Protein chains: 2
Amino acid sequence: MATSATSQNWKKKPWLEPRPMAQALHIAKETLFYDDSFRQFKHQSKRKKSILGLQYIFPIFDWGFHYTFKFLWRDVIAGLTIASLAVPQDLGYATLAHLPVVHGLYSSFVPPLIYSVLGSSRHIAIGPVAVVSLLLGTLLTNELPYNINGKANPQYLQLALSATFFAGVFQAGLGFLRLGFIIDFLSHATIVGFMAGAAITIGLQQLKGLLNIPTANFTTKTDIVSVLRSAFQHTYQWNWRTIVIGLVFLGFILLTRFLAHKWKKLFFLSAIAPLLSLILATVFTFHYRLENDNVAIVKDIQKGINPSSAHQLIFSGSLVGTAAKIGLVAGLIAITEGIAIGRSFAALEGYHIDGNKEFIAFGVMNLAGSVTSCYVTTGSFSRSAVNYNAGAKTPVSNIVMALTVMVVLLALTPLFKYTPNCILASIIMAAVVSLINVRAAYLIWKVDKFDFIALLGAFFGTLFISVEIGLLIAVSISFVKLLLTVTRPHTALLGNIPGTKVYRNVNQYKDAKQVPGVLAIRLDAPLYFSNSNYIRERILRYLHDEQDNVALSANGLPVQYLILDLTPVINIDVTGIIALEELETALKKKNIQLAISNPATSALEKLANSGFIERLGQQWVFLTVADAVQGCVTREVFLLM
Amino acid sequence: MATSATSQNWKKKPWLEPRPMAQALHIAKETLFYDDSFRQFKHQSKRKKSILGLQYIFPIFDWGFHYTFKFLWRDVIAGLTIASLAVPQDLGYATLAHLPVVHGLYSSFVPPLIYSVLGSSRHIAIGPVAVVSLLLGTLLTNELPYNINGKANPQYLQLALSATFFAGVFQAGLGFLRLGFIIDFLSHATIVGFMAGAAITIGLQQLKGLLNIPTANFTTKTDIVSVLRSAFQHTYQWNWRTIVIGLVFLGFILLTRFLAHKWKKLFFLSAIAPLLSLILATVFTFHYRLENDNVAIVKDIQKGINPSSAHQLIFSGSLVGTAAKIGLVAGLIAITEGIAIGRSFAALEGYHIDGNKEFIAFGVMNLAGSVTSCYVTTGSFSRSAVNYNAGAKTPVSNIVMALTVMVVLLALTPLFKYTPNCILASIIMAAVVSLINVRAAYLIWKVDKFDFIALLGAFFGTLFISVEIGLLIAVSISFVKLLLTVTRPHTALLGNIPGTKVYRNVNQYKDAKQVPGVLAIRLDAPLYFSNSNYIRERILRYLHDEQDNVALSANGLPVQYLILDLTPVINIDVTGIIALEELETALKKKNIQLAISNPATSALEKLANSGFIERLGQQWVFLTVADAVQGCVTREVFLLM
């Protein structure tokens, strides 16, 4: 019998054996290097180790060695496809961040090149994204005006680049310190809510371009009420030509997407629809000289690739703290989005994304971006999906995209002069629709109503107050939920399943029967300072309820023994031990004997070290609940041992 | 067999049965009213209910009805004893808060009376306490100078009273909202460290009085380096008479305490030693006219009981926010100390302290205090212990103490005129020694090295930086520890204990054997967004390690099945489900079949609702690990069913 075998083990008092100090190091390793990231280095020759090290730091040396012509063909197709999507989106996203449109293109050139060398995701498409652009624009305009007397404020651009620099510093720093898990503290539900709210906010912002209202006349607030009021207060500035062009192409892009959804063959049509719309609208505007009819156009875009911006970074004065704060928030949101995308494609294709390595890759990419006139970049939801569907095999598709954007910057920017702003608005509106994940929201509603309320909180906070408040609500709700889970752990009243030695939760297993005179309770969490008071009082409540039941029934046996099943209690701290001591004292006052069963090694060790086992008496510590019940019921037999 | 009985239950698919919406309400009730505080009201007549209601709000109507003459006798003795201790301590503690000494006496009159009507602890002694006085003094002097040109700053007193008001508001408010559990977030280890650091800080502050250095010349900082430097920079102001008086009586008080510790009979001598020292030192100083030899004395104390201070509270202007912030911090620390004391005596005597009710009692007490010239009060460690040892039975001892203080205020304050400051310093030094809990620190060292490091952090932070920084360190460490516990839950590799159907952690039970070709892993925590990524990657690491082991051994069977024992997974959220789906996808790529066993009802329900069970296939869900192993090993048999 197992019971006897392990009982013997038990009698050896394993907890009194000295444990190596290495234990502490082991815990530190489990916390920071839990994924054993360096496992491939074990048992290897020195030469092999240095190659593996190079591959670890630069994954390009890993997949690069297996690269084939067939891969190249797929990557070129995918790269050109996402470039066709990136160029129009970049122009629009830069305006969300209130930056000159050319910075959007810059940000699709350098960062993807850096990522393709350092990153582990093979399907992510790097560049500026809608939500981060909006967030950055909102945070920056809280500090500085982006326009002074109708001209761009040079300090605003400096602050944006400095924030990008700090975003990179924080991302790389957290990855290096292996603290990448902090993004796990944002719950899925609040992210879904926040993203949907931000998507609608971004869509509403596009009314400005779609209706042709000059930026100077439009509200700087982002909540739905202010934006709609602003849009309808300026009806006299609406321009029917703009509205018609915008709506026609918005309809065209959405239609191609709908068709592609039905017939997979039409995928490439939907992928290049935005670029096609851009070209058609530009030609149309140029041909009919619509700028003379007040249709707003992009005007001049600076020609040439990214200029250096190292001299623009702010490292002194009061704005440094501001830049660091904005960088921290924007950087964390950016990488949360980026890693989520990377992980979902990795799961689909069965490869592994190392979160901390991604932090470093994103960090270096944004550091490099900050000195080459780029603002915060990450993986884009919409373009990554297109990249994957277009058949991308490796980060080479990002290189192809970057080179395409380079060609645009070097030669084609004059062609965008007559691009009407309204077509950029339409392209962004169509793009952000994919951020509204109705299926995920429905799943959350089905699975957990509380999570759904959290989702609604983040959604409405973003929509009706501001993108920062929405984010703050999302973070706060996630935190409160975490804290509740650590203060209110589950406990279960156990009953015996007739004919067996198995004890199970009486609420889950209706045939489980409580043993008269004995109350068995399982604690479903480690016993820590945050939950000890709760657990002690919850146990006493089980006891009171049981005593009430006994008092009501005619021939009930009063509770004489209380058994705590500590199987899930894998650890305990001093507060937890004090709570158990207080419980034992309180029970003794009521003439009830406490017994415990099956604590895990580390918990048992601490109970013994603290003297609790001695105080309780070793005879009241059992291997299983069944043993404990038997021990209590046949107490006399036990006392003779 | 249980297995078959519950397997039938299982086949009924209990998770598809609709669950009432009352479920949500039930969870809210478990969170906020987990102790079922109103259980005594159930099944009672209306009249009985109203009496119980009265007793619930005013516990005095509960114990008051059973009050006997014998109780009164013990309470009077205990009350007089703690009064003899309270009067000298109050004078000293008020100077820690930089308030006129009389406010210490005021604070030992009104608040104990209020508490004795509302509070549930029968042994706590209410009044000003050392740590809260120090903390309040530090926080207040950060905002305002307490002296202007050698005269007390009236705004400083106003701010102190307003902070007391807000402390009361927050305490009562949290209790009313049943959020009292927030004080559970301070870990025991950090409290022990913080208290010890604060005790030494307070002791060092007393060098000022002991050495006779005028307050104006002494540093306002509280760290050990500044205080010692300040003490030794002013050696020219040291007064040997002061030092001798102070040290003699400090020695006397500590000696009586040591004797009382050895011979219980001498308890009362040690209890009244401070008052005795005060009287002797005062008479001595008066007789020899030592104030002419520069021995600093208390001078005039205003006669009469507490004046109203309602008009002094600040409700407008920039100081309101400051008062609220200080009140929040001081109020929370005060009630943390108070409830800890109340709970420890309640456990000793076997009665129950309702945390949220205590929050309301303390809150109302401080609200009442703030309009009667008192500053923040709570239960005192040293006086409560004396109260208990002196035989107090009910809060009547607090009433006796308050009435004694009233007599002092009405008639005896002139007698304190010649009390030398050095004797107050000695009394406080002796009192704070009890805040240094070496035994608790040793226990923490023995039980958990990490907790001990947290203790040292709070201790040295308080001692070398400041009391606020020490507190901040304590709170931060507690928080980081909590967050680590929720992101890094325990997992265990399971093995079969030969000859049984039991599967246990192979690291804890050395005789447990893994089944070839099958990897069984138990997840020891609910699967939430905060730990899902970790758990998924940890599981994959178990798999890689196992595959390495198999590759190394000659005739190992490759892993074909991965069984997750979900017994401790009592709940799961959408992120957790996504992690399981990603795991399943990743395993399928490696041709490994996933199986799960025994999830709890609510987790199972969510897995079913989300479609995960359908995706996995119901045949891969088992009741126990043993069933799952059998199911996997005899897969073909299963597929025929």
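Cβ from N, Cα, C; glycine included.
Noted in TrEMBL for the protein shown:
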- B:508-632: domain 'STAS' (DOMAIN)
- B:51-73: transmembrane segment (TRANSMEM)
- B:93-118: transmembrane segment (TRANSMEM)
- B:125-144: transmembrane segment (TRANSMEM)
- B:156-177: transmembrane segment (TRANSMEM)
- B:189-207: transmembrane segment (TRANSMEM)
- B:238-259: transmembrane segment (TRANSMEM)
- B:266-288: transmembrane segment (TRANSMEM)
- B:398-416: transmembrane segment (TRANSMEM)
- B:423-445: transmembrane segment (TRANSMEM)
- B:457-484: transmembrane segment (TRANSMEM)
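Helix first, then strand, then coil: DSSP counts for the domain 'STAS' (B:508-632) stand at 62 helix, 21 strand, 42 coil.
Using a cut-off of 8 Å between Cβ atoms, the transmembrane segment (B:238-259) and the transmembrane segment (B:457-484) share fewer than three residue pairs, counting only pairs 6 or more apart in sequence.
Regional average pLDDT for the domain 'STAS' (B:508-632) in the model is 85.
Within its own chain, the transmembrane segment (B:189-207) is flanked in space by residues 92, 96, 130-131, 134-135, 213, 222-224, 227-228, 231, 336, 340, 425-426, 428-429, 432-433, 435-437, 440-441, 444, 448, 451-452, 454-463, 467, 470-471, 473-475, 477-478, which lie at least six positions past its ends and keep a Cβ under 8 Å from the stretch. Contact count against the transmembrane segment (B:457-484) (Cβ pairs under 8 Å) is highest for B:125-144, out of B:51-73, B:125-144, B:398-416. For the transmembrane segment (B:93-118), the list of distant contacts is 57-60, 83, 86-87, 124-130, 133-134, 136-137, 140-141, 146, 152, 156-157, 160, 202, 205, 209, 298, 301-302, 305-306, 360-362, 364-366, 368-369, 372-375, 377, 395-396, 398-399, 401-402, 405-406, 408-409, 413, 424, 428: same-chain residues at least six beyond its ends, Cβ to Cβ under 8 Å.
Counting same-chain residues at least six beyond the ends of the transmembrane segment (B:398-416), those with a Cβ under 8 angstroms from any Cβ of the stretch are 75-76, 78-80, 82-83, 86-87, 90-91, 102, 105-106, 108-110, 112-113, 115-116, 124-127, 282, 298, 301-306.
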